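Features as listed in Swiss-Prot:
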- 1-19: signal peptide (SIGNAL)
- C88-C115: disulfide bond (DISULFID)
- C98-C141: disulfide bond (DISULFID)
- C101: active site (ACT_SITE)
- C134-C177: disulfide bond (DISULFID)
- H245: active site (ACT_SITE)
- N266: active site (ACT_SITE)
Amino acid sequence: MKLFLLAAAAFSAPALTVSELNHIKSLNPRWKAGIPKRFEGLTKDEISSLLMPVSFLKNAKGAAPRGTFTDKDDVPESFDFREEYPHCIPEVVDQGGCGSCWAFSSVATFGDRRCVAGLDKKPVKYSPQYVVSCDHGDMACNGGWLPNVWKFLTKTGTTTDECVPYKSGSTTLRGTCPTKCADGSSKVHLATATSYKDYGLDIPAMMKALSTSGPLQVAFLVHSDFMYYESGVYQHTYGYMEGGHAVEMVGYGTDDDGVDYWIIKNSWGPDWGEDGYFRMIRGINDCSIEEQAYAGFFDE
């Protein structure tokens, strides 16, 4: 009975600890570590539910048309999509207890690039739930492949979040692919991409793609120290690999110490990181952040 109680206590114990935080701080990372409000009291399983198995990142190489530019010389030194297109980017959202980061980041990239292209009369928040429920080439709350979801967004597309709001964060289930809006008022109307490209591992091309046509969907390997991120330019410092995560890259820059970084929008809500965003070191493929960089295109 005593062993059972000890095991139960360990299972329900908070995943982030002061002792591990202090160890990370002792390594003097260039970024600020803490226990984010988003993760206070959460168990290891609850935090792990936000991630995907690493296999979703490793099995995707060479799975999409390559993106490149003949001229990469006129790339600006810095770019922040939030500043250049403040009317486009919606609020930071929270994927909840579902490993649907692949859907959130692809749909966010899809919507923001449509906004840059001027295809919507007003900025539209598109539905990650429709993608989770209807894209059977991916695994709903258990993860997804970036090339697969972009194939889905070109062949099928997605609808608005108003029509099909997000539920899987609380249910942790795929749900049924809807044919009507949640309120039953109208048939689901779908917007699609015409094509997609992968700019991964070509940093100048990634920078030019960001500054000329909008955000990119990227993915990286998450280590335990990343869960303690609060601010600054993250670089992996300590800990085991916990899984994979897909996010929306929205810009790049250089800090006061001359460290190049990417600006990235997460899907863990505004109580994590720099108001829901984080910066990650640029140019060394830290945690494989530069291996995949997907962009959708629209010829409407």
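Here the Cβ of each residue, glycine as well, is placed from N, Cα and C on the backbone.
Structure with Swiss-Prot features highlighted.
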residue	record	DSSP class
C88	disulfide bond	coil
C98	disulfide bond	coil
C115	disulfide bond	helix
C134	disulfide bond	helix
C141	disulfide bond	helix
C177	disulfide bond	coil
H245	active site	strand
N266	active site	coil
How many whole Å apart are the CA atoms of C115 (disulfide bond) and C101 (active site)?
21
Using Cα coordinates, what distance in whole Å links C101 (active site) and H245 (active site)?
6
Among C134, C141, which are disulfide-bonded residues, the residue with the most C-beta atoms within 10 angstroms of its C-beta:
C134
C98 (disulfide bond) has how many other Cβ neighbours within 10 Å of its own Cβ?
25
C-alpha spacing of H245 (active site) relative to C98 (disulfide bond), in angstrom:
12
When the Cα of N266 (active site) is compared with the Cα of each of the recorded positions C88, C134, C141, C177, H245, which one is closest?
H245
Using the alpha carbons only, what distance in Å do you get between C134 (disulfide bond) and C141 (disulfide bond) once rounded?
12
Any idea which of the recorded positions C88, C101, C115, C177 has the thinnest Cβ neighbourhood at 10 Å?
C177
